[in-house]
């Protein structure tokens, strides 16, 4: 089978990294096998052929039984075989698979025509052949023409996922590990679990659609159970995972949803699944992502009479960030021009055709507002384009719109750059320049195609123009005090007084409030044509006991100008600086030799950390290891040494995470160059 990593097949097919003893090839590209007979082969009189079978009931018309005849030449993109070499009793064949072939694990038989009927070889699992998608093949629907992009989006087994918020972007490494032992089988199992018929498994559109449902556990007990309420009993906190391998392998063996995930975990695992099958994929982060419950392109924030947000009636929320995936493919089901990157999202937010799934939706269609094209384009369009509308009910029942914020949502959309760990801004691929004619046109197109845009007729909206308000939150390290600075600019000739209210809330990164930890009211006098500033101090004692795992705050400042009755409203999210882990190595880093990895962490809080879990992993350096420390006293340093033996040379990444109830999202990473023996 020439199935060793250094032999011709895996080298030519870019599958030499798969930790699999079997032959792994990509469709639409020739591979070599050798057949030994009991006597020399005579082409004129001897007749034999190959049979590739997949599934329980192989049928030729479904593409699950494939007879491959030996001919004189290979046609690109069609099944066929030709003899390339004859020696004694052996022949070597070059076999071409179809560029639309099912992706999966095939059984191989050799059939020989004899005077006594057809003889077949015995079932032999050693000759099983995995056939995957082929971004290197022009006839394949996932063809990608840039080698650097293929190396990044198909072959890179570690990545970077961006989180935090728009004013404080944070990043963390994620080990995709698509080549690790048993991961390929686990990914193929997901298609069985999703009950995708075998004949649909050559179609990346269908695969993405069913995978986006099976990645989450809602309605089909899929791979990961989501939890957004900060209680992770009987499971692993979402922030503790450092990669996809443990999650996929645990699911493959237990067949039960793995607890717990949030959006970046769903996206990380989905990315592994896609890259493992050979579909180019990347993880996208959308900052200030709208979760619009009724897809009307408008997030409604209702204020009460004081100008505070009414949490009972406000159902929409802005996520600090939301991660989804893009998969690269042609879209023969849509008009020309909508192929390329497609949004797929495994995080369970809303149902689509009765299941929690989302996509594939063409990024190009979203940019131009052509949201009529399947699947789920209106929802994704709303995630990056909604307006925030602040409105309040008057005593007489009339609804007053106080402010419309058209630029808050979908401010920045990013992914990891190609060939490095930096950030690449892809906002332009999703939307035109904010405020440009093209942008308004795309919005009108989306509305024409039935995305509801409702500024209700009976509402009165007169924007406040003569006073501007802004506020700034000081960058702060977890455990320290910081201040919020509010600035008013009175552009009129009148002297005003403003009743100002600051509300500080601890929020989930999904924008849902857990608790209000700071209330501050103050009356400010605004002199004509001048600016005035004042500070509100936030003490660490006010927020530490309430903190959630992403150390994320949401500040809401509202001000009522007493003389005119106008209300100013502004909201901003902010994230605390979280300490990091330090990783170092001891001894030589040589493939096949033992070395030590040391993880260090200093507790920055004024309290003892209890039941602290550390995770450490690095694809092809060490399998995930974890350790629990009962206590880390305030300001003391923890040191953990792990011995490991790297498997193969090259530049590798070690990723570590630390988790406990008081502190989550603590990460560290290190690039290690593993030398040859």
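Each residue, glycine too, has its Cβ placed from N, Cα and C.
Unlike curated records, TrEMBL annotations are generated automatically.
Copied over from TrEMBL:
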| type | residues | note |
| --- | --- | --- |
| ACT_SITE | 263 | active site |
| ACT_SITE | 322 | active site |
| ACT_SITE | 345 | active site |
| BINDING | 385, 387, 434, 439 | Ca(2+) binding site |
| DOMAIN | 255-348 | domain 'Transglutaminase-like' |
Other same-chain residues whose Cβ falls within 8 Å of the Cβ centroid of 385, 387, 434, 439, the recorded Ca(2+) site, in sequence order: 406, 407, 409, 410, 431, 435, 443
Recorded positions near residue 263 (active site) (Cα-Cα within 10 Å), from 322, 345, 385, 387, 434: 322, 345
Residue with minimal Cβ packing [other Cβ atoms within 10 Å] among the recorded positions 263, 387: 387
Densest Cβ neighbourhood among 345, 434, 439 (recorded positions), 10 Å radius: 345
Surrounding CB atoms that lie within 10 Å of the CB of residue 385 (Ca(2+) binding site), all protein chains: 23
Residue 322 (active site) and residue 387 (Ca(2+) binding site), distance between Cα atoms, whole Å: 17
C-beta crowding around residue 322 (active site), within 10 angstroms: 28
Overall pLDDT for the domain 'Transglutaminase-like' (255-348), taken as the rounded mean: 91
Within 10 angstroms of residue 345 (active site), Cα basis - binding-site residues out of 385, 434, 439: none
Distance from residue 322 (active site) back to residue 434 (Ca(2+) binding site), taken between C-alpha atoms, in Å: 20
